[in-house]
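These notes concern the structure reproduced below.
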């Protein structure tokens, strides 16, 4: 591998910035109509449309990534700065069960200071639900000064990233061959980012986080705990907490690794003081991950003729019934960044769902489990992110099909074979959606009807006709019994939610307990299956028919987004790949809503609550999920209305901001319908009347007003929706 760069390829100049639309011949001429500003935004980052040169496109994307990292670091710096300057972090650290986290104080302008509630410890501010305090505690931050230093450090890193983005586009821009060298990239990303990244975090946890958290858990005042660098430079300090530290690296080289089991543990379960995972378990986990990825980062063939070649692996990958197998896929992934991105988004989206579920079932940070608002926010956040990632995967897969797919190279490989039997795939998926839709909804309708007729004995419920999720219960059971059977080394199962164990309470609140699954969960899980399958149907159909269909055989020539196939072809509107993404987004929202409703209600009903001195648990909604959520009426009455009414009645209290957001969000949603339920022609006619009036008064603008195009109107609508 030779690192090939081109020196000074493009001179640095701000002249182009002064010329809006410099990237397109038509846009650079300036505006004739108001459509110009929309096209400017739509195409500014569509590098494919600026040039066909893959090397130039790759350099722009690469450079933009540094800019993205800079923005992320600036944002993070702001979070840490708020923690340093406007928060009650030190107070929270000394009493995390009674004091609520706050890092924002509203200034007294037009009475807004009503939003500053009493969060405890003599601090008035807005309670935050981002989980930052819990992360800071887990990483061993004990003072606001440390947060301040970290914030400054992040800004310095952001500046470095901005410099790197400029440098690698203007001063030393990589050649195309460098972007296409997948083996070298895999080695560096696996060993460097994931391997050394995990190793350095594990090192930080062992040397800084663990001793500090050990002392905090024991009730030592944060101000008396030695500073982080003292633990690193003075081994005796750590050795007082973990005696094996005194032996240094001898046990490591002597292969007596069990000596280190004081701070690299395999306990399972949660720390009873904090309600979070044992940080000694997570340190061990990151060390193990680091080893795996450091090995993985040495598996691919570069300068020395050993290791895997990705092209060889893909081309050897064929079964008896799969034609040419993965032949041609290597060429796709090295010449189409859309294809590459689609795969990565799909996998990252799936991973994000896993993260969402682990945040509550295995709370990774101290005191996260008893901060219910934060738990709910983190779940919601990761679910939304996952939705955008998965829809984005379909969008870029479709763009790949339209712009980058070359049917002459892809013959009888797996991609070609999937495309050739797409009718079978889509019609089967359609059948699955119909089946799931009628059956899942039908179970609810049956229950609503029986409930209305006063026949509870004929309902599907845990107390009448049971539909127990036996497979899910079996999975729960195998995991709950693992410590005594398949995982003899672990002291407890991976999560309290599996069952078997007792509940864990921290500060009089339930941190976690075994989550029972019953008929109500069985019903709502089939709604999940339904909404997810419909989302997949819409998105996959968009990808499989992006280039051609029986209706429009030459769809590839029309591009990724087009409103209709021209005059004289009725019934061809809303058929572009873009429109499938547009429709898929609505079902993604649908799916997420049901997921978040299910999670919110289930946790409040069966998990979250307070515990008395006698050990009696009182759940927030009193365990009403199992009997109430089995009818549509129950969802409307006992969840949506019961919970919304609290928000609606919040005006005039410190919670009023949430009531206003609630109102405002519904307002924005209703506003979206104006774009979605109206025709373009209506607005064009209206605009022309208004322009006529302006002409009469001789105040007509030079730039002609035009209604949004059909696609633009839909984009604005779906964004507000």
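Along the chain as shown, the residues are counted starting at 1.
Backbone N, Cα and C define each Cβ position, glycine as well.
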- Correct range for transmembrane segment (source Swiss-Prot, candidates 27-50, 99-122, 123-146, 147-170): 147-170
- Query: Out of 217-240, 241-264, 313-336, 337-360, which range is noted as transmembrane segment by Swiss-Prot?
  - Reply: 337-360
- Task: State the count of C-beta atoms found within 10 angstroms of the C-beta of residue 573 ([4Fe-4S] cluster binding site), not counting that atom itself.
- Result: 13
- Task: Fill in the CA-CA distance, residue 674 (chlorophyll a binding site) to residue 573 ([4Fe-4S] cluster binding site), as an integer in Å.
- Result: 19
- Beyond the flanks of the transmembrane segment (655-677) by 6 or more, those residues with Cβ under 8 Å of it: 114-115, 117, 126, 644, 647-649, 708, 713-714, 716-721
- Item | residue 683 (phylloquinone binding site) and residue 666 (chlorophyll a' binding site), Cα-Cα, nearest whole angstrom | 24
- Task: Give residue numbers and ranges for long-range contacts of the transmembrane segment (186-210): same chain, 6 or more residues beyond its ends, CB-CB under 8 A.
- Result: 138-140, 228, 231-232, 238, 241-242, 263-264, 279-280, 282-283, 286-287, 289-290, 292-294, 296-300, 302, 310
- Outside the transmembrane segment (522-540), at least 6 residues beyond either end, the same-chain residues with a Cβ under 8 Å of its Cβ set are 390-391, 394, 425-426, 429-430, 432-433, 436-437, 439-441, 443-444, 460, 467-469, 472, 580-581, 583-584, 587-588, 590-591, 594-595, 598, 629-630
